[in-house]
Amino acid sequence: MTSQDTKTKLKVFYRSVAFQAVIIGLISFTQPGIRGAIGFLGAGGLAKPSTSNVSNALMFAMMAAFAPFFSILTNKAGVKPVAFVGGMGGVFVSSALYENSRSGNQWYIYLGSIISGIFTAAFWTSEATVCILYPDDRTRGLFIGIWQGISKVGGVIAGAIAFSLNLKGTSAKEAVSLNTYIVLFSIQCLGPFLALLLSNPEKLHRKDGRTLRTNITQESLKQRFQAFSKIFKRKEILFLTPLFLVTTFWKPFESNYMAKHFTVRVRGLNSLLTSIVQLLTDVGMAVFLDNKWTSKKIKARYTWIGVNILMVAFFVYSIYIQYWLDHNPQPRIDWNDAAFRKTYIPMVVFIISGEACFNWLYWIIGYFHFSPAEVSLISGFIRSTEALGQTISYAIAYTHPNLLMNVSLSAGLYFAAAPFVTYGIWKYVDNEEVQDYYNSDSELQLESGEFQDERKNAESISVASI
């Protein structure tokens, strides 16, 4: 093999969809993966949940506001620059949590949350664009599994660090070790540099032998904002919107439940075990969703039914155990206590439900084959809606800290959203085989000028030279 052959193979690997899945997973590991590990410490590792609730509400409010802007910027500048900016966000909130835990400083934790929210909006948008746009149907579940799996491996590593540094904490009133934050936000600093390894969609080497069109458009910002507004008219988006809004609504309950009822070392253990459960769920969903055992329509329906069975189990047990704790107060719960098995083990197992729901949601969005320009805008809408839901949930958790009320409200909202999703899945998901991002004439109406002309004449082409 010549040096030129080796160089060509390396370039092919660098441009491969699998490599992009690994890179976006690694960036996710340094950003939401680390932040999630901190969150699973309970209240961001702080002794008082109220501070964490306010900071999270501020962060997600910024994400909800700025995600649409970054989705449009992705259409103007490309995926890589926006992901680079987004990779800077996590360190602000983590360092703010460190400073608050060290000195009680309040203003920086709120400022850090605001700054982090703006940057994270950029990452969330670029991340969703990559994960919806890049894979083909045959490997979509695998791509999502790699993305989420690597992110959760990061959570496992971060959780192991957090657990080892807080092993001696037996009081429910303690905050986690300061060294926990230092190690974790040091890892987050890698995010922007990993983003430089991403490829834009038109440069991908896909196994199906086709190239994607660029998501960058020469249309004006005004035209892009007009295109964004038309997303609300898309039936594929409308029936999923309620689920976008509530799919993480119960996160404040999970975090505050740990902070209120368990010792610091159990919170450290939770950060580790939760990431492991999520990782195993991601792998299982990847294998299941890419399996050829049945049609897409049947797979979409039965997976959705399975997700709802898991969610019912999670909410019913959560309401039961929180009611029991309200009527049987515990001074603290450590893993040596009799109440540990009842109050903790089922809760960590039920993490499967939320993770399976998240994986299914991104799989079904990718099924609809939006154009590259549309995907960026839709990603911004999805992420903005998710962030809005979390803003509301953390604000409620702060103003109404009753955990039983919080989890009951989350359950009610989820099951209010479920019928809309069920209707959409049964009505709009079929087995039609479509070419990637050349779906229907209705999509032509969303794009003007160059994209309409391009779409009308587009044909599947061979992979361009690299």
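Yeah, the Cβs are placed from backbone N, Cα and C, and that goes for glycine too.
Caution: TrEMBL annotation is automatic and unverified by curators.
Annotation source TrEMBL lists transmembrane segment at 12-34 (among others).
Per TrEMBL, transmembrane segment is recorded for 54-74 (among others).
The annotation transmembrane segment is assigned in TrEMBL to 81-98 (among others). Residues 24, 27, 30-32, 34-35, 38, 44-46, 52, 55, 59, 70, 73-74, 108-113, 115-127, 130, 178, 181-182, 184-185, 188-189, 191-196, 198 of the same chain lie 6 or more positions beyond the ends of the transmembrane segment (81-98) yet place their CB under 8 Å from a CB of it.
Sequence-distant contacts of the transmembrane segment (110-134) (same chain, six or more residues past either end, CB-CB distance under 8 Å): 17, 20-21, 24, 27-28, 31-32, 54-56, 58-67, 69-71, 73-74, 79, 82-83, 85-93, 95-97, 143-144, 147, 191, 195, 198, 201, 204, 212, 215, 362, 365-366, 370, 372, 375-376, 378-380, 382-384, 386-387, 437. Summarising the annotation, TrEMBL assigns transmembrane segment to 110-134 (among others).
Annotation comment: TrEMBL describes 141-166 (among others) as transmembrane segment.
Residues annotated as transmembrane segment in TrEMBL: 178-198 (among others).
Per TrEMBL, transmembrane segment is recorded for 273-290 (among others).
Residues or ranges marked as transmembrane segment in TrEMBL: 302-324 (among others). Long-range Cβ contacts of the transmembrane segment (302-324) within its own chain (Cβ-Cβ under 8 Å, at least 6 residues beyond either end) map to 250, 253, 257, 288-289, 294, 342-343, 346-347, 350, 352-354, 356-357, 360, 403-404, 407-408, 410-411, 414, 418, 421-422, 425.
Taking Cβ pairs closer than 8 Å, the transmembrane segment (344-365) reaches residues 128, 131-132, 140-141, 144-145, 148, 240, 243-244, 247-248, 250, 254, 257, 262, 266, 270, 273-274, 277-278, 281-282, 285-286, 289, 300, 303-304, 306-307, 310-311, 313-314, 317-318, 321, 333, 335, 378, 382, 425, 429 in its own chain, all 6 or more past its ends. The transmembrane segment annotation in TrEMBL covers 344-365 (among others).
Annotation comment: TrEMBL describes 403-426 (among others) as transmembrane segment.
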Same-chain residues near the transmembrane segment (273-290), Cβ under 8 Å, at least 6 residues beyond its ends: 33, 36-37, 40, 138-142, 144-146, 148-149, 152-156, 158-159, 299, 303, 348-349, 351-352, 355-356, 359-360, 363
